[in-house]
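Structure record follows, encoded as structure tokens.
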Amino acid sequence: MAKEQLQVLNALDVAKTQWYHFTAIVIAGMGFFTDAYDLFCISLVTKLLGRIYYHEEGGAKPGTLPPNISAAVNGVAFCGTLTGQLFFGWLGDKMGRKRVYGMTLLIMVVCSVASGLSFGKDPNAVMATLCFFRFWLGFGIGGDYPLSATIMSEYANKKTRGAFIAAVFAMQGFGILAGGMVASIVSAAFKAKYPAPAYEIDAVASTVPQADYVWRIILMFGAVPAALTYYWRMKMPETARYTALVAKNAKQAASDMSKVLQVELEAEPEKVDRISQEPGNSFGLFSKEFARRHGLHLLGTTSTWFLLDIAFYSQNLFQKDIFSAIGWIPNAKTMNAVEEVFRIARAQTLIALCSTVPGYWFTVALIDRIGRFAIQLMGFFFMTVFMFALAIPYNHWTHKDNQIGFVIMYSLTFFFANFGPNATTFVVPAEIFPARLRSTCHGISAASGKAGAIVGAFGFLYAAQSQDRTKTDKGYPPGIGVRNSLIVLGVVNFLGMVFTFLVPESKGKSLEEMSQENEEDDGSATEMRPNAGNVLRTVPV
């Protein structure tokens, strides 16, 4: 049986869309803009790093990063992100969302700048420095996931909450787009200022000494948007749900939200005390009660995010390899070092502009109309279809006449990832768990996703190598080839569709309804069952 809602929380649930909602979206969203920029810009410069630091005299092809170095450079930020998601997710429930929020941003600013610096000119020293600071950059980025989602969900009204959380996440699309644009502008400027011959004409002269500044500028630019939003993050009040339900300070919650909503709100300290003393509002993460109420939900959010990120990050990080394989980017030896950066960045910018960014905003527009479950199921379904459509007739797509068709199909998989599970896996964990565990559970779900990203980043690097030993990249063993790798990703997407049925629908419901924090603990509480359709079902316990 539902209890009467706290006045301050009810006021947030029924509030009309106001200026503070958009302010919160921008403040939280700029963190995500920076996150995406920092995580994905590394894929734009790895080939340049290979040319600069691993050039071989007399080599027929430009230098490339050795497999272990390439895996570390591409994947170390994900290891940091996974750690940060777990740590800051837990800390956000212990210390409060706002207090931890500033820490993550400072780490991101410092480490973005530091990742463009290096100790010495020796390749090992440069790569060690880069990997060290990118791990800690990832650590800061990791904290942004649970905190941004939780803050936005706790500020939003229940009618448009999904769109607001998705809008924060959609800034990731602009971050990816900005990464491509910054790399394009920087490389174009250096190409014009320092012209160089192609590698096949003059191997040494094809990489001008100034090219070493290109990758550093691209990586360090990530500090700019993060630094610009620090002041505004510190001005945000703590969320009322944390202050009232976790810190149990009814007076402060009412005072903070009175200023935000510009209405008078009653503190209701007795009601807060009564809620906090309910046995059903005190169980911990590792209790039987949590397993009974939310165990399947946590399995659903972790498994779907894990499976989604295997496919999403392997596609995103290795776009350049796929484009090279089908001939969309010319052979490396026909370009100089800076021109190669420009070509890779231009390709990523086009994909982001045509499919990645629109996909996110389709989710924002429709998530509160058709629901999280329907969007996630549809997204996984079409990702599966398009991945198999790319993989099964793969040889057809490699012919020159069909390359545009391949890029269109590849773009559609990105579109349905973003108008699909890439957005909903971020939204749902911020809505369905109790306030005192919300940030922690979102952090666990997000960390599961980053574990999938690590599998995608490291696994695809080796798996996509040709089965013919003579055609593999230098230092790599034969893999299963791009075609078979795409088939594996198709199977992964299908499994994501299956596990989506464990995730409940939260459209139009208050956070306390979803987490059952407003249920009387009298034996008649309801237990949420996973979906078998896009409607939340409850059964007596």
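Just so it is clear, glycine is given a Cβ too, placed from its N, Cα and C backbone atoms.
Summarising the annotation, TrEMBL assigns compositional bias 'Acidic residues' to 514-524. As annotated by TrEMBL, domain 'Major facilitator superfamily (MFS) profile' applies to 24-508. Here TrEMBL flags 510-541 as region 'Disordered'. Annotated transmembrane segment per TrEMBL: 20-49, 69-88, 100-119, 163-190, 213-232, 350-367, 373-392, 404-423, 443-464, 485-504, in sequence order.
For the transmembrane segment (485-504), the partner stretch with the highest count of Cβ pairs under 8 angstroms, out of 100-119, 163-190, 373-392, 443-464, is 373-392.
Count of Cβ pairs under 8 Å against the transmembrane segment (350-367): among 20-49, 163-190, 373-392, 404-423, 443-464, the largest is for 404-423.
Here the domain 'Major facilitator superfamily (MFS) profile' (24-508) has a mean pLDDT of 87 out of 100. Most Cβ pairs under 8 Å to the transmembrane segment (443-464), among the stretches 69-88, 163-190, 373-392, 404-423, belong to 69-88. For the transmembrane segment (373-392), same-chain residues at least 6 beyond its ends with a Cβ under 8 Å from one of its own Cβ atoms are 304, 308, 311, 363, 366-367, 406, 409-410, 412-413, 416-417, 419-425, 428, 483-484, 486-487, 489-490, 493-494, 496-497, 500, 503-505, 531, 533-534.
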